[in-house]
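Quick one: the structure is below, questions incoming.
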């Protein structure tokens, strides 16, 4: 049996979530629900949920504010949000799970199943929440099959497609991430990374030259440029 708390200021969302959880799981117990920070602070410590479904915007403040006020974060966390591009990017940067409204049953099930298998770490969670609130995208969290890596963006040389996965090559290591290259392109293109080729994306800050059909990085590594992207890449580099 696993225990779930639902914190959302929309009553209909809470109703939908409860119905879906009861349909999807026979071993799920809804131990608490609240619409505000005030109510959630009062009930969560006693309810002791295994998983908390938390809306970003509550009646009396943000979900982040609630988390900072709780004495313990000994639960798995899944955020709920209406579509907000910045918030979604922040969650992806920090490898936090989130659900978009309206709630999709399969996405809810995936998030719950994932949460049940993961290990909660209160210190990591508090750090990630602080980074999101401070809008710090200087570091990215990369998940592999058996580890979580915290990588500074300035240390990433380039990313390379590896089938359904992507290799993240830094100044000191190579990481096989459990996401594809398109995922990292969407995440990093506003952070100074350029897709040079179907299989490559480079850190613009580390580019030193273009030579023939390659882009040269600060470590003298040559990365391919596709012919159709050459003009676009030259224009992007000229902006600096």
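Using N, Cα and C of the backbone, Cβ positions are placed for all residues, glycine too.
Straight out of TrEMBL:
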type	residues	note
DOMAIN	3-116	domain 'Response regulatory'
DOMAIN	140-239	domain 'HTH LytTR-type'
MOD_RES	55	4-aspartylphosphate
Under 8 Å Cβ-Cβ from the residue listed as '4-aspartylphosphate', six or more apart in the same chain: what's there?
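In sequence order, the residues whose Cβ lies under 8 Å from that of the residue listed as '4-aspartylphosphate' (at least 6 apart) are 7, 8, 9, 10, 13, 63, 79, 80, 81.
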Using DSSP, break the domain 'HTH LytTR-type' (140-239) down into helix, strand and coil residues and give each count.
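Reading the DSSP string over the domain 'HTH LytTR-type' (140-239) gives 29 helix, 47 strand, 24 coil.
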Please list the DSSP helix, strand and coil residue counts for the domain 'Response regulatory' (3-116).
53 helix, 31 strand, 30 coil
